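Student: If you scroll down you'll find the structure; I have some questions about it.
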Amino acid sequence: MSYKRILLKLSGEALMGKQNYGIDPARLEQYALEIKKVKDQGVEVAIVIGGGNIYRGVQAEASGIDRVQGDYMGMLATVINAMAIQSTLEKHGMYTRLMSGIKMEAVCEPFIRRRAVRHLEKGRIVIFGAGIGNPYFTTDSTASLRAIEIEADVVLKGTRVDGVYSADPEKDPNAVRFEKLSFEEVISKGYNIMDMTAFTLCQENNVPIIVFDMNKPGNLQKLIEGKEQVGTLIS
Ligand code: UDP
């Protein structure tokens, strides 16, 4: 097994599946089964989930809502997604804990680093909701920060494309996918992987990132087993 403890970042948008808004139950099921495959192999799994399928802070100003207020709305959206994932994972027999960057005792534990690590050691999947709990950040930054804090071996950024390309593969037929890139190459070539805050956090703390297609069945497991090349590794 190439990774013992992973931080899986899932975007909120991915949860929409074929819908225009909200949560597609089929997508939740699919993700839960993919996660179960790696959990069953003894990998410690932490998850950060976005909220873009429900609300993003940047939308706020356009609708006359204060930006900071909007960011908190976005963070609450991630908790809704996190609760949905938690429930689906538990339905499939996995043990989970939801830890939130904003205190809300009725639905989740507050984020306490030592406790998060303990949960992982005990085999529980830890889901980090509400981002880092501060406005002007993203769930990508949350993924990087939490990965560093819990000493994850890697940040796995699950997307709908199978890695980083030299150009947009949906527009340019000559676009090629990279198997590996350095952090410096990503910056100098301007490849858009995550926001800079999230990206430099990983770079400065030597946490590799793998961008991969989470929607392709079996991909997460293949990546963990390391027998086949999956996605793009940035290290
Ligand atoms: N957000 C925030 N602080 C955080 C994490 C998230 O303010 O630490 C807000 C921000 O407004 C963001 C929204 O929550 O737009 C939803 O998260 P994100 O856009 O990262 O979700 P994704 O694009 O992954 O679905």
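Every residue gets a Cβ built from N, Cα and C, even glycine.
Keep in mind that what you see is a predicted model, and the values were worked out from it rather than measured.
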Student: Return the residue out of Thr159, Thr197 that TrEMBL annotates for the same ATP site as Lys9, Leu10, Ser11, Gly12, Gly52, Arg56, Tyr165, Asp168.
Tutor: Thr159
Student: May I ask you to find which of Gly51, Gly64, Gly123, Gly158 TrEMBL records for the UMP site already listed with Asp71, Ile132, Gly133, Asn134, Pro135, Tyr136, Phe137, Thr138, Thr139?
Tutor: Gly51
Student: To the nearest whole angstrom, state the Cα distance for the pair Lys9 (ATP binding site) and Asn134 (UMP binding site).
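Tutor: Cα-Cα, rounded: 18 Å.
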Student: Ligand 1 is in the model; which of the binding-site residues Lys9, Thr159, Asp168 have a C-beta less than 6 angstroms from one of its atoms?
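Tutor: With ligand 1 as the reference and 6 Å as the Cβ limit, the list is empty: none.
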Student: How would DSSP class Asp168 (ATP binding site) in three states?
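Tutor: Reduced to three states, the DSSP call for Asp168 (ATP binding site) is coil.
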Student: Can you work out the mean pLDDT of the predicted model over the domain 'Aspartate/glutamate/uridylate kinase' (4-213)?
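Tutor: Averaged over the domain 'Aspartate/glutamate/uridylate kinase' (4-213), the predicted model reaches a pLDDT of 96.
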Student: Gly51 (UMP binding site): which of the binding-site residues Ser11, Thr159, Asp168 have a C-alpha within 10 angstroms of it?
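Tutor: Of Ser11, Thr159, Asp168, within range: Ser11.
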Student: Quick check: of the binding-site residues listed here (Ile132, Asn134, Tyr136, Thr138), which one has the Cα closest to that of Thr159 (ATP binding site)?
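Tutor: Of all the candidates listed, Thr138 is nearest in space.
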